[in-house]
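Annotated transmembrane segment per Swiss-Prot: 32-52, 83-103, 119-139, 148-168, 178-198, 205-225, 320-340, 354-374, 397-417, 428-448, in sequence order, evidence recorded as sequence analysis.
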């Protein structure tokens with residue numbers, strides 16, 4: 001007996017115009033927020049607002065806001081700190097968590113997974129750390145301004161990649177990969193500097209608390225717990241332990257990021273098979289025009305679970321946190337730290353002018369000089385070679401963009417200087433240097449892209465001729 005053909009699908013009802021417009025608006029917004037240059041623009045806007053606010057007649061409200069006490073407690077245990085502390089020491093832990101996961105991914109499958117691939121960005125990053133530090137120390141020979149030697153060693157990934165994105169597809173993809181690898185190695189060095197140079201006297205009792213948090217994370221991973229929410233409490237314990245030790249608590253984020261698995265969890269059944277079965281089940285149950293929720297709830301739950309298990313945890317968590325870091329954590333950090341009162345910075349006393357000038361010169365000149373010169377030396381000695389489609393002009397572009405220190409440089413400045421005047425001068429230097437480096441980098445990028453167009457056109461013509 002022949003089987004009857006399946007019934008035709010019910011006719012689709014036209015959506016209300018308001019719903020169509022809303023869906024288009026949200027789709028455009030989602031696409032807009034995933035453009036790399038946008039996060040840099042938001043960060044720049046936050047810094048601009050902070051700078052204007054701190055130099056306006058309402059400047060007292062700016063400083064009063066960040067010194068507002070905020071308390072968290074459980075039972076008799078109470079932690080009370082300023083809003084500035086919670087942003088710099090707690091919220092920035094999420095930023096460092098993403099940094100740790102980026103490092104973990106690069107070590108597993110990226111530019112740091114292969115010694116030959118990582119040799120050039122490692123050499124470039126080494127030059128981009130040592131030369132700026134030496135330039136700063138050459139200008140600032142006395143204490144306490146010498147303590148700011150690490151301020152110009154960092155690179156702001158979001159800003160640098162955002163400026164590069166403004167240049168469009170005319171820049172080879174390998175230039176972007178080179179910049180990302182260099183910036184990630186810069187982050188590793190910055191984390192080591194924070195851990196070694198800017199952690200106070202260690203309280204070893206705190207290591208027991210931090211160790212408890214790490215053991216809890218390992219235990220959850222061992223039994224196969226995949227949901228990220230389960231790791232919030234162990235992460236908080238690790239953060240409290242790092243705070244108690246005297247090390248900077250944001251290092252807890254790096255530790256957690258480096259511990260995030262890079263492979264999908266072990267399951268009894270392949271997630272793809274589960275997803276296919278759930279889709280077939282969903283199609284079989286959803287025959288009515290408006291299927292009952294209880295009929296489709298189970299296959300939808302299976303599909304959602306399979307979708308989650310298909311991605312490695314390091315990618316899944318990074319994708320979930322990226323918009324929060326790009327559009328909340330980093331702009332809040334910029335808003336809380338970029339507000340330098342220009343009238344309040346006395347550049348005539350206490351070496352403040354030297355600190356500011358040292359930061360500017362080290363970032364704008366030292367960064368590209370160190371990156372290009374050490375890269376050239378490493379290639380000349382045969383230790384590594386330039387990636388495909390990357391010329392020395394491209395290396396110069398990377399060096400110029402690496403001079404955008406911004407977020408990480410300001411963060412290190414807040415750790416390096418206790419003197420308010422020196423801290424203000426260093427922050428002002430970072431802001432000036434980042435603006436100058438971005439402007440020069442963008443200008444050089446347009447020149448570099450224009451010079452590549454004739455060769456790209458010749459390559460397209462030769463490809464077309466070969467196909468004919």
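Each residue, glycine too, has its Cβ placed from N, Cα and C.
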Against which stretches of its own chain does the transmembrane segment (119-139) lie, if we need a Cβ under 8 Å and a gap of at least six residues from its ends? 111-112, 146, 148-153, 155, 178, 181-182, 185-186, 189, 354, 357-359, 361-363, 365-367, 369-375, 377-379, 383-387, 395, 398-399, 402
What else in the chain is close to the transmembrane segment (397-417), if you only count residues 6 or more beyond its ends and a Cβ gap under 8 Å? 43, 47, 88, 92, 95, 124, 128, 144, 147-148, 150-156, 158-160, 163-164, 171, 175, 178-179, 182-183, 186-187, 190, 193-194, 198, 248, 330, 333-334, 337-338, 355, 359, 363-364, 366-372, 423, 426-427, 430-431, 433-434, 436-438, 440-441, 444-445, 448
Go through the chain and flag residues at least 6 beyond the ends of the transmembrane segment (83-103) whose CB is under 8 A from any CB in it; none is fine as an answer. 65-70, 112, 184, 187-188, 191, 239, 243, 248-258, 260, 314, 317-318, 321-322, 324-325, 329-330, 332-333, 336-337, 407, 411, 414
Apart from its near flanks, which chain residues at least 6 from the ends of the transmembrane segment (205-225) lie with a Cβ under 8 angstroms of it? 231, 233-247, 252, 255-256, 259, 261, 265-266
